[in-house]
Amino acid sequence: MPALRLFGRQWLLSADDLPLPMAGLMLVHTLWCVLILLVYERAHRTLEKGCSEGDDVLAWLFGTFGCYFISLCTEAIILHMALRGRILEPGKRKYVPYVIYVHVLIICADVAFTVYGTLLYAGSSAACLSRSRTRATVLTVIIGNYLVIAFNFIGFSLMFSMFGHLPSEQKWYKIFDMIAAMMCLNRRKLSNNADVDRKLAEHGALGHIANCFAEVFQGADVVPSDIAAGMGLLAIQHRHLIENSPLGKPLMENSDALSPYTTLHTMYDDFAHYSRWALAAYGWALFAWANPSKGLGIACSPTACIECCGCRSCTKQAKQHHSDNLDRAALKQCAGIESEDLFYVSVANGIGEAPYFIARDVRRKAVVLSIRGTLSIADCITDSMYKPVMLNGEAVNQPQMKGQELHVHAGVLGATNFILADLEVNKVLEQTILGEAPSDGWAPVPSTASECKDWKLVITGHSLGAGVAAVLSLHLRKKFPNLKVWCIEPPGGVLSAELCEVCKPWTYSTVHHCDLFCRLSGPSLLKLRSDLMESLTNSKLNKFSLMMRMTFNGTKLQISDVLDAAGAATESTALRENFIDFAERQVAQSPMMAAKLYPPGQLVHLHRREDGMYEPRLVEAKEFMDRGMMVQAGFFTEHFPDKVAAVLSDLAASGTDATQSITSMRTSSQNSSRSIVDTLVRQSSKRIYQEGSIDNV
């Protein structure tokens, strides 16, 4: 840090990233200098006396050797300079760019000598080179020179920033415009909302995602390696924080959060049961994940392609297929749901449009509305619309709430409104739970729907689907007062603190250990950025030494080994103060990016102890979000729905597997065991047991 500035533009690395590349170049140039000296020792007498082109060949050898030797010296100087100072002491490395300019000139000279040697080799007589016995050796040197030049060229290409001349915010928009073009996103319709389409046309298909990156990385002149080093420092600090100060309190049998449950195992059993319903909502994608051989055909089908890619050829072919039938078939095969138990499937997927299905849960006498989590590009854009908007207090039966008390994630609210509008048209819940007679324009339901009158409504979902489930319950609670919501790994920033309290009586949420996405919100991203800068400021090692220690001794490092807040350099603290000033101005200009939102309902944290055993803990949403993101090795994969379902299933081990399965009661146990959801959960459970035990608290 900061990014290198060469030839009037920023590059993708800083001066303290150069030790390893320079060490590699020094090794190559040293070997090549030795090779050239061996060639000279072997052939100089013959070239001087018995070959008409000998003087030219010797001049080429001397010139090439000189270029490599001078390169070796400049690389040693760059290596020495790059190792000076801490990460946030760029002043001690300020002369590195000038030495790099010298190195580039030497490379240009090397290219000239290599071309000259090629011409000599092509024009020299075979007899001359054969008498000197160096024909093959000279050819090896020439080819090797081209390889070294190519190595330098590849290195410069990797360091080159295509948009290094642009300001930070514009740079991210350009990057995501390129990604959108490569994925043909500019050719497809991502939304049915005219206002959203207009904004997409103005800022690009991935403009919302680009804006998130621009806001987070703005104001800090960091390169990818700085972020990696900062994340490593945070991982060391967070590991000690997790071990010594776990969130919340252990979930006990006499906890008020258990109401209306009488035992923990009963609650765990419902958690495990409905986590499988949330997992089943992924439909064909889940089938492809669990059965790679059979699922490859589905994943490569026009329907799957149009959902994830959207190119024109796939769009044209997909019109000949019925994606609804595809998802119904995959859904039934994944979850083991019979046709008469599956009431409705919505496969519409765009920005602010979440796929979902409605089915009956015969075992628990409930009608389940399961909402799919993030899977497509459109879902990612919906996730990135994190800045809060106002919820209609009257619509959620909270007329007393005003202002920020009604804040909700903009993307989640858009998806909620889409499902509400769809439910209002198809009237599936009214026909099943309320027993209303079907009318024109309503969606047809199986005759078995009449058996579900007065059953309870359960809404569940994973990730984005969990957030939508919580907001949807606020709208449906008045009509269906006995509903329950099971949020599996909901996003961190969904509802205001007041709305979280409102939905606590009927909403339960899980967070799997250090899951990144459950802590994701505007304030948590700002805190992560601030903590990262603080860690880089207090680092007492240079970046190369830090990376080496984390690579070979990462899990044993202590905070005192890498951080020293008292000994922070003056230059480091000055850079930190400048960044703090920028961050304050940024929030003042855009206060909504720092608006606090929380995960919904009763929050059960699946805390994994140091011994690998799981200890569910009851956590308050404010305490959870105030701690921020926990950077650990598995903080991304811990969000996967099959992993969460496996942990919950093992916690509910006192119940039978049949009670957790979502297959129909009429399905035999043999067929039930073949449910893809059940199989996938069992496989994930086995992997978790290999990594550590499950503590059935």
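From the backbone N, Cα and C atoms, a Cβ is placed for every residue, glycine too.
According to TrEMBL:
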| type | residues | note |
| --- | --- | --- |
| DOMAIN | 368-484 | domain 'Fungal lipase-type' |
| TRANSMEM | 20-40 | transmembrane segment |
| TRANSMEM | 60-83 | transmembrane segment |
| TRANSMEM | 95-116 | transmembrane segment |
| TRANSMEM | 136-164 | transmembrane segment |
Outside the transmembrane segment (136-164), six or more residues from its ends: residues with CB under 8 Å to it: 3-4, 9-13, 21, 25, 28-29, 32, 35-36, 39, 42-43, 57, 61, 64, 107, 110-111, 113-114, 117-118, 121, 129, 170-171, 174-175
The domain 'Fungal lipase-type' (368-484): DSSP-derived helix, strand, coil residue counts: 53 helix, 18 strand, 46 coil
Model confidence over the domain 'Fungal lipase-type' (368-484) (mean pLDDT, whole number): 94
